[in-house]
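Here is what Swiss-Prot records for this protein:
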| type | residues | note |
| --- | --- | --- |
| BINDING | D24, D26, D28, C30, E35 | Ca(2+) 1 binding site |
| BINDING | D60, D62, N64, T66, E71 | Ca(2+) 2 binding site |
| BINDING | D109, D111, D113, E120 | Ca(2+) 3 binding site |
| BINDING | D145, D147, D149, Q151, E156 | Ca(2+) 4 binding site |
| DOMAIN | 11-46 | domain 'EF-hand 1' |
| DOMAIN | 47-82 | domain 'EF-hand 2' |
| DOMAIN | 96-131 | domain 'EF-hand 3' |
| DOMAIN | 132-166 | domain 'EF-hand 4' |
| MOD_RES | K131 | N6,N6,N6-trimethyllysine |
Amino acid sequence: MAEVEVRVRQEQVAEFRETFAFFDKDGDGCITLEELDTVVRSLGQTPTREELAEMIRDVDVDGNGTIEFAEFLALMARKASRGGENGGGGDDSGDAADEELREAFKVFDKDQDGLISAAELRHVMISLGEKLTDEEVEQMIREADLDGDGQVNFDEFVRMMMLSDQ
């Protein structure tokens, strides 16, 4: 049983690292106010600079004005132990990570049909400041698309996120 728990925790950390990387646009190991602003705005929110600064302060243990992975991991662990909004315990250790992945998937799946098309992927990448050619977007879809339908479903998305962390 302990071996299963360790594996789940390792998988969860890998999922959290991928979520962290989604925010950490320049890959320097910390989430700045500007990076947080970019992602939050891509989710359709319009926070003030003060609200963004407060979000960072809430988790910035070392007080340096950015969120490092350890601080992000601590935040995710606290969320998981609270069991989310339903008040449940933290026994379902994969639930928080699964919910994070589902939220990330929803960002890409603009029409909420359960599939990410090349056009949806292109739109999100542009809104995040990524400049990709049509060929690069299509290549990303081909690499993730296991069933060959030209789109990425949730299971393919999860697999892609897990592989990109290795």
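For all residues, glycine too, the Cβ spot is worked out from N, Cα and C.
Feature annotations (Swiss-Prot) mapped to structure.
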{"residue": "D24", "record": "Ca(2+) 1 binding site", "Cβ within 10 Å": "22"}
{"residue": "D26", "record": "Ca(2+) 1 binding site", "Cβ within 10 Å": "10"}
{"residue": "C30", "record": "Ca(2+) 1 binding site", "Cβ within 10 Å": "19"}
{"residue": "D60", "record": "Ca(2+) 2 binding site", "Cβ within 10 Å": "17"}
{"residue": "D62", "record": "Ca(2+) 2 binding site", "Cβ within 10 Å": "10"}
{"residue": "D109", "record": "Ca(2+) 3 binding site", "Cβ within 10 Å": "22"}
{"residue": "E120", "record": "Ca(2+) 3 binding site", "Cβ within 10 Å": "20"}
{"residue": "D149", "record": "Ca(2+) 4 binding site", "Cβ within 10 Å": "11"}
{"residue": "Q151", "record": "Ca(2+) 4 binding site", "Cβ within 10 Å": "19"}
{"residue": "E156", "record": "Ca(2+) 4 binding site", "Cβ within 10 Å": "19"}
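Cβ neighbours of D145 (Ca(2+) 4 binding site) (same chain, under 8 Å, six or more residues apart in sequence): Q151, V152, E156. Close to the recorded Ca(2+) 4 site, the chain also has L115, I141, A144, L146, G148, G150, V152, N153: residues not among D145, D147, D149, Q151, E156 whose Cβ is within 8 Å of the site's Cβ mean position.
Under the three-state DSSP scheme, E156 (Ca(2+) 4 binding site) falls in the helix class. According to DSSP, D26 (Ca(2+) 1 binding site) is assigned to coil rather than to any helix or strand. Other Cβ atoms within 10 Å of the Cβ of D28 (Ca(2+) 1 binding site), summed over all protein chains shown, number 11. Remark: secondary structure over the domain 'EF-hand 2' (47-82) totals 25 helix, 2 strand, 9 coil, with classes taken from DSSP. Ranking the binding-site residues D24, D62, E71 by Cα distance from D109 (Ca(2+) 3 binding site) puts D24 first. For the recorded site, D113 (Ca(2+) 3 binding site), the DSSP three-state label reads coil. Remote same-chain partners of the domain 'EF-hand 3' (96-131), defined as residues 6 or more beyond its termini with a Cβ less than 8 Å from a stretch Cβ, comprise 11-12, 15-16, 19, 22, 25, 38-39, 41-43, 76, 79-80, 84, 137-138, 140-141, 149-154, 157-158, 161. Of all the recorded positions in the list D62, E71, D111, K131, the shortest Cα-Cα distance to C30 (Ca(2+) 1 binding site) is found for E71. Same-chain residues at least 6 positions away in sequence with a Cβ under 8 Å from that of D147 (Ca(2+) 4 binding site) are, in sequence order, N153, E156. With the fewest other Cβ atoms inside 10 Å of its Cβ, the least crowded of the binding-site residues N64, T66 in this structure is N64.
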